[in-house]
Structures are given as structure tokens and as C-alpha cells.
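Novice: Quick one: this structure, given as C-alpha cells, is what I'll be asking you about.
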Amino acid sequence: MSPNTGESNAAVYASSTQLARALYGGDLVSWIKHTHPGISLELQLDVPVKLIKPGMSQTRPVTVVRAPMGSGKTTALLEWLQHALKADISVLVVSCRRSFTQTLIQRFNDAGLSGFVTYLTSETYIMGFKRLIVQLESLHRVSSEAIDSYDVLILDEVMSVIGQLYSPTMRRLSAVDSLLYRLLNRCSQIIAMDATVNSQFIDLISGLRGDENIHTIVCTYAGVGFSGRTCTILRDMGIDTLVRVIKRSPEHEDVRTIHQLRGTFFDELALRLQCGHNICIFSSTLSFSELVAQFCAIFTDSILILNSTRPLCNVNEWKHFRVLVYTTVVTVGLSFDMAHFHSMFAYIKPMSYGPDMVSVYQSLGRVRLLLLNEVLMYVDGSRTRCGPLFSPMLLNFTIANKFQWFPTHTQITNKLCCAFRQRCANAFTRSNTHLFSRFKYKHLFERCSLWSLADSINILQTLLASNQILVVLDGMGPITDVSPVQFCAFIHDLRHSANAVASCMRSLRQDNDSCLTDFGPSGFMADNITAFMEKYLMESINTEEQIKVFKALACPIEQPRLVNTAILGACIRIPEALEAFDVFQKIYTHYASGWFPVLDKTGEFSIATITTAPNLTTHWELFRRCAYIAKTLKWNPSTEGCVTQVLDTDINTLFNQHGDSLAQLIFEVMRCNVTDAKIILNRPVWRTTGFLDGCHNQCFRPIPTKHEYNIALFRLIWEQLFGARVTKSTQTFPGSTRVKNLKKKDLETLLDSINVDRSACRTYRQLYNLLMSHRHSFSQQRYKITAPAWARHVYFQAHQMHLAPHAEAMLQLALSELSPGSWPRINGAVNFESL
């Protein structure tokens, strides 16, 4: 059922109500019966998963299990292995996470399954162990002889394993993709399990192995820890309570007075902490995990924080803490089964560089039992977008079951789904892969939906419902009883709440940062800092500015932006990179490899690995266009003040030429699905998408013009790729200098730019009066492009070469590795390689 392989279930991809449910296997039973009746289908209703014992007559070579979290999938697997493992049986287990690998080997050992080795403990790089647990990224380390000889292939969390193909840490995509495909095609016995196994995976296996060789188990048992759980999505975070408690304002010296407040995330959290409850808190962002821990510390010092900056601890230690705060570092493979925590709180912030909703869903399921069976969730939509570029694609399936969405809503969202499907079909077309190409739709869907608040909530609710968790909308009741109008009103309230608290949250995070006065890294870290500065920065940067750069790089989104800025500058300095892919590839790998030193809020240095994208051809096409735009607009982020002013007509002209191709390119590179101008720029679509995504004021605003659409697209690309802000200029004249600060030379330059004769003017006053009499010539709308503060220190333009001799020398050294034939031959130049 792949969108690029003539799927048999094509109608699902055009259905805004069915799409999410189908992608996560909600329609698997009916789909198999209708499309693949030859597949053996077993329904296990309200009982834990049970696998057919090896050797029984019903056994088939491939077993696929779809079952919710907490249904006993891994336990059933262990029992199966205990019966299957004879002395001569070889087994390969492919894991999706390092933590999952460690959990599996522990459970295998506890179950008495001997002989298993993990890639983590292997003393050799190439592995040929008879029984091996390996993470997908390391699959290329398994010897070719071993790959072809394994008797049993186990893919626990199979959809997560396939999802790892799209991870930025996947460095050998083609090799790993080919090996996994080979295993699926040849291994004599396969067990694949996941809570979200879908028809797309079944279709793949059917094509490889044949329907007659597949047994599919669909289990509905979710366990009492999930089936009795209620998840309430709150309308308000309660930012006032957070500020009062953290800053200890006089009116709240005694935090016990908070018990009078109810209904918001922090009010409810404070109430339960005051009552002595044990609370687990999931946060989809690192910064909020630290902030909420600071809030909880007012009530108790028994707090465990698990995030990317802190060491993990054994899951059995969790019971010793009143409060557990964790991020997506706690995911599949880690489960806490004790009845210790009363309630769970969840803060979820959909954003382009954050975890997708499947990762959030998996992390929410790590605590298996809650004494009060309640999850209180706040979804922060401050980083999601509305029109004119973004439109929600999904209509909630649960609501559609009881109420009818308006026909206009259905028709428009179905059209958007079709447009998305077509864009997916055109993506990664040069990727020489089997699985990566086949499952790209699901990956792109999960990443692109993070730009939409409504889509993110719809996907999360679909996943929670598959685990029999009832979702309740604050003030409205169970989502099963909510009408379409009520649901859209709730999305509107959430968006309004998030926008209201965004600046306050930003201020709190900044206050939480330490003021660094000491800067003296030594040893290994000092060497890394020196290497980074010589590679990317100009030598004129002082120590204070260095600290600011390293602190900025602690934010994950700023790291690729700095790399992109350096690459763009190199492409402008070396125009051959825009003509020859090999030259661009060398520039790209030079800057997009290695490490970044980052400075966290505690003043500690750490290393962040720079990841290289697999689809460099797409990156080349994108940077070719961005370089042309930057040169045309004369954009230089390293100018004084990091500000460039451009005419809106210039932006519009450029994006009339390149807008369509840029939309497809950023779809692949940035995982950003921009709604086509031909679709969004008409009244029914404009009003409907605004209503569905909670932007109700959009319903009453005029439809944007193509000109405004182009400006918005430019703003998006420059912000996401380079961290630049594009805003309307309010200055009378071009440039960063205010009118009262203009010097005589500035006045002359401005008059010359509009071809005004100034020969009769001798004094400053005369020039000023002449300029003001012609100020109508500067009335055209201009935009300011403000680069981030760190950008002024990045080596960007050729005239800065003397300020960055090391950076230039390092790049030239990398380029010297290219053969003469890699450089473009233009204007009749001789091909010396052929002589």
C-alpha cells in the first residue's frame, strides 16, 4: 500500500477522516479480509498476546503481530523463543534503540535464553554471532555470511525499526536498507510486532513472501493500566501559577494557597503535589522538563529528571522518587510496571524539530500503571503554523463516527490529502532504496503534521484510542461526544492560550540560564572549540561573543542553521559549487560533519554531533536556488547589525520564478508541507482551513494575494534554514541607519540611488532637504532580513577572507581532494584529466 507503488488502498490517502487511522493500523482487519484473504488472520480479543508454538500445523514462516502497548507482546516472544531455540538455531534481533537493545538482552537473560550477544558488547567491528541483537544503524556491521544464514529474524517494534531509516543518525542508509530488505526476503522465520503495524507493512511482506506464508495476529487487549486510563487535554497551562511559584511573589509566599485554583496544568499539578501524590511528568522538550522540575522542587526534593543532559538510571530506581520528569529519552524498551505513581502530566509541544506524535505516544506508555488512572495533558501550539502556507489535512475520525463533518470541510481536506500524496510521490525519487522509498509517505506525514496543531492532536488521539485510552477535552467531555464545531473551538482556545504564554515561557527560560563569567575549557574540549572556530568563524570574534555562540548552539535548531549559513556562504564564494554536484558535495560534507561544542545553561561544555543528510542531490538543488536569491538580494548575514533591507517586489519576482520548485525542495529537506498557492488562495479553502486549525480570525480576513504568499514563503525558508527573521521595514529610507543619524555620505548615496541631481547641494542641510523632497521615491514596501547574532561571526563572503584565513585554508584543503574532472568546464576550458 505504498503511495508510489500503485497501492490497492489508494482511497485511504484521499480521506481526511480515514488517513491517520489507516497509517497506524486501525483498519488492518477489514483491509486484510478485503485485500489479502489468503493471509491467515487471528483475532485475539481482550486477552494478552499468544504466539503459535513452533512446529504446530498453523505455523507459517512470517508472523506479524499488531497489539497495543501493555498487551504482552515481548512476553509472548520470550515464551516462543523458549520453545523454538534449539542448539543449532540462529537468531537475529533488530532493535530500534540502544536502550531497547539493553532491555531486550536483560529480559532474554532473565528468561534463560542463552547465547545472545549485543552489538554494544562486541569486541569486533564486523559481527557474525549466531545469536545477535543489533540496532538498525549497525546492521551493516553484520557479516554477509551471517546475514544470509540466520534462521529467525525478530523485529520487535517493527514500525519504529523502519522509522529509524529516516533518522539523522542513519549514516549508511543504502547499505542498511538493502540488508534489512534482504533479511525480510530470505529469512526462514520472521516475527514482526508493533502497536501500529499497518497495511503498508503487510503489503510489503505479502509481496516478498506471499499471502500463504503469513500469519497475522491482531490483539485488542490493552491491559488494565491503559484501558481504564483517561487523558484530559487541558485548555490552559496556568502560566501565572508557574511564575508565582518559581519567583515566589509576595501574594503567593505560601504555596499552599494554590489549592484554591483549579483547571490549569500547573494548578492541578500543584494540587496533587500538595496532597502528597507521586507524579510522573512527560515533557516533549528539554527546556520544559527543567522548568517543571524547578516548579516541583518548591513542593518536594524527591525528584528524578531524565533528559538528554542527565544520566539515565535503572527503571527500578524510579520507585524511590515522588516526582519523575522525563523526555523522549525514555521510550520503547523501558517500562515501569509498579503501582507507584498516582497521576501523569504531559506537556507536548509540536514543532518541526521536535519528536513526532508516535514518539510522544510511545513515551507516554512507559509508566504502565497509574493509581488514579489519569493523564493531564497540555498541548502547546505556539510553534505550529496557520495560513497562508499551512493547512490541516485531517478530520478527527472519532468525531466523524458520531457526527458528520460539513461536506465543505471534507471536500477541502480530502483535496489537501491528495495534494500531499502527490508531493510525497515526487519526493526522494533518486533514492536507490527499497524500504526508505516505500515507507516515505508515513515518515513525511508524521513530520509535516507537526506544523499543524489540529493534525498533531488528531494523530495523538488516534494513537491513544488504539490503546483504549479515553481522550477528554477540558470543559467539553469525552471526545466521542464532541461535535465538529466544539472541537474546532477547542483547538482555537488551545492556540490562543499557547500564543498568550509563549513570550512568558521564553522569559522564564532565559531567567533560568546561568550568567557565565568563566570561560576556560581545557584538554579535549579546548581542542574541539579551537577546531570549530577555525572551521566556521572569523578570527575577530572575542571571548564574550564566543560564549554567546556556544550558548546559542545549545538549542538544537540553531546547529543546522549555522551549518547552512556556512554552506551558503561557500556556495556564493565558490560559484562552481552551483554548477557541479561533486564540488557542492565536498563543501557540504566539509561543513556538515564533525562536532559542535555547545554550552548549556549550567556552564558545562558538551559535544553535539553534526549529522549529514542522505539526500544531497535535493540539498544541492535547494542551495543553488538559495544562493541565487541571496546574491540577487545582496543578503550578507555577517554585515554589521546582521540586517539587510530588500524590496518586496524583488522577493516577489524571485519567488514567482522559483516558488513552486522551492516548495517541493523544502518538503524533502525541511519536512515542511507548504499548501500550494493555487489551493489555499481561494475563499472556501482559506476560511475552512483557518476554522479547522483554530485560526478563527483567518475566516474574516481577506484572502492573501500571491504577492503576500511569496513573502510568507521567503520568510519561512530564510527563518528555518538560516535563522533569519524577515519583517516589514518601518524606516523611511533603506539601510539600518535612522534618518536623524544619516551622515552626509549616506545622503549622497541615497540621492544617487534614485538618480537625483545633487550638484547644487554643498551642505548637509541642503542634501537633507533635497532627500526629504524626494522621499516619495522610497515609499515602496521594504523588508528587513535580520540574521541571528551568531551569524555576524560566520565566514560568509570572499572579502572576509583575511579575517578567516584558517576557515578558508581548511575549505581549500578539502576541495583539493577533488579530481580535476569534478570541476565544471565552462567557456571552453580544457579538460586536463583527458590529456
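Backbone N, Cα and C define each Cβ position, glycine as well.
Per Swiss-Prot, domain 'Helicase ATP-binding' is recorded for 54-215, and the stated evidence type is sequence analysis. The feature ATP binding site is assigned by Swiss-Prot to A67, P68, M69, G70, S71, G72, K73, T74.
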Novice: Summarise the model confidence on the domain 'Helicase ATP-binding' (54-215) as a single mean pLDDT, whole number.
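Specialist: Summing pLDDT over the domain 'Helicase ATP-binding' (54-215) and dividing by its length gives 93.
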Novice: Note the Cβ centroid of A67, P68, M69, G70, S71, G72, K73, T74, the recorded ATP site, then list each other residue of that chain whose Cβ lies within 8 Å of it, in sequence.
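Specialist: Leaving out the recorded residues gives P48, V49, A195, C219, Y221, A222, G223.
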Novice: Can you name the residues of this chain that are 6 or more positions from G70 (ATP binding site) yet have a C-beta less than 8 Å from its C-beta?
Specialist: A222, G223, G225, F226, G365, R368, N467
Novice: In which DSSP state, out of helix, strand and coil, do we find T74 (ATP binding site)?
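Specialist: Where T74 (ATP binding site) sits, the three-state DSSP reduction gives helix.
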Novice: Which one of these binding-site residues, P68, G72, has the sparsest Cβ neighbourhood, judged by other Cβ atoms within 10 angstroms?
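Specialist: Fewest other Cβ atoms within 10 Å, among the binding-site residues P68, G72, is found for G72.
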Novice: How would DSSP class A67 (ATP binding site) in three states?
Specialist: coil
Novice: How many other Cβ atoms sit within 10 Å of the Cβ of T74 (ATP binding site)?
Specialist: 20
Novice: Around the C-beta of K73 (ATP binding site), how many further C-beta atoms are within 10 angstroms, looking at every protein chain?
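Specialist: Looking across every protein chain shown, the total is 23.
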Novice: Which number gives the other C-beta atoms within 10 angstroms of the C-beta of A67 (ATP binding site), all protein chains shown included?
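Specialist: If we count other Cβ atoms within 10 Å of A67 (ATP binding site), we arrive at 24.
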